[in-house]
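Engineer: Would you mind keeping the following structure in view while I ask a few things?
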Amino acid sequence: MASSSSQEYPLVRISKVAGRYLLFDIDDVMYLRRSYNICSVFVGTIPQNPQQNVFMGLPIELMPEEAQVLVEKKVAYVADDATFHPARLATFDEPSRRAYVQSLKNEGKRMQLAMIESQNRNKPKLQEGKPKKKRKDGPKKPEDSSTDHLVGGDTEADESSTLFDSAPTQRESTKKLPSEVEGYALTPTTSSFLLPFSPDSEVEHPVAVDVPVSYPLFAHLHDKGYYMMPGLRFGCDYNVYPGDPLRFHSHFAGVHFGWDEEITMMDLVGGGRLSTSVKKGYLFGGAVTDGSGAKETDDDDGASQDEKARRPKLRGGPVAPPVRTFCLEWAGM
């Protein structure tokens, strides 16, 4: 799932704040969404409209399963926010401070150049403008000598109007780009420039992730290339998407069960009916425990050798443990 350019991307820092796993950097959010199928939920307030909770912004809150998958894939590391910043700032020396200030200046120049380039692209469209609507002429008045003195005034008004309309165009044509930009003054929203990744400190002291019992199912589906979102709205553990949730409808409502856990008929009927009513399949599964006899049962059910060869093997990937999944759809009563 990772792209070729993802190998050059530094390890993503996941901030653990009060037991929640957060991402504050928009570049990290975009990178994980494109390369590792991590979407998560926005939980921050939008500065332009803070008195609402319908449209949210940064940071995003990762599920513990997502954080654990990224750590095991060696894509990210978890930093305890309460101890990470004081420990790193205590060793902040003068060269690091100068490098931090210079990085902010470079970022400000980059933003200003991008703004100038955007304005230059849109300038021809603004100069063309919208076509002016023709005014409907009113009923003509009879010409007489009393209105002869108004003709000159109308001509002067038309000339002044023409001069007024052409003036902005002349000013815009003589405007030149600055030879050297000073850069915008930035207010940093993250500490990525202030505290860049240091392999010696983070990797030697990893922070453990408290994953739920449903992690094997999540890791298995993620290893198959699915996107997943929290499934509380549909009474399941995960909403499972075949692609980015902005483009696809979720295909499954995923629920985890232990390998030896007894599944009641009410769970199957209720989950199947609910999932089918929202155009999903009811997917449930769990990790295969050692000595469960799953492989022996599959081989001794009287199937032919060709059918056995076509069956998927119960193997775990580099992250996903061996998991078996099943899917139900409610047909009718």
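Cβ atoms here come from the backbone N, Cα and C positions, even for glycine.
From TrEMBL, for reference:
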- Tyr241: active site (ACT_SITE)
- His249: active site (ACT_SITE)
- Lys280: active site (ACT_SITE)
- 160-171: compositional bias 'Polar residues' (COMPBIAS)
- 12-81: domain 'TSEN34 N-terminal' (DOMAIN)
- 215-284: domain 'tRNA intron endonuclease catalytic' (DOMAIN)
- 115-181: region 'Disordered' (REGION)
- 292-320: region 'Disordered' (REGION)
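Describe the structural surroundings of these features, if you would.
Structural biologist: A strand conformation is recorded for Tyr241 (active site) in the three-state DSSP classification.
Around His249 (active site), the C-beta neighbours below 8 angstroms that are at least 6 residues distant in the chain are Tyr241, Lys279.
Neighbour count (other Cβ atoms within 10 Å of the Cβ, all protein chains): 24 for Lys280 (active site).
Restricting the average to the domain 'TSEN34 N-terminal' (12-81) gives a pLDDT of 93.
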Engineer: Tally of helix, strand and coil residues over the domain 'TSEN34 N-terminal' (12-81) according to DSSP?
Structural biologist: 21 helix, 25 strand, 24 coil
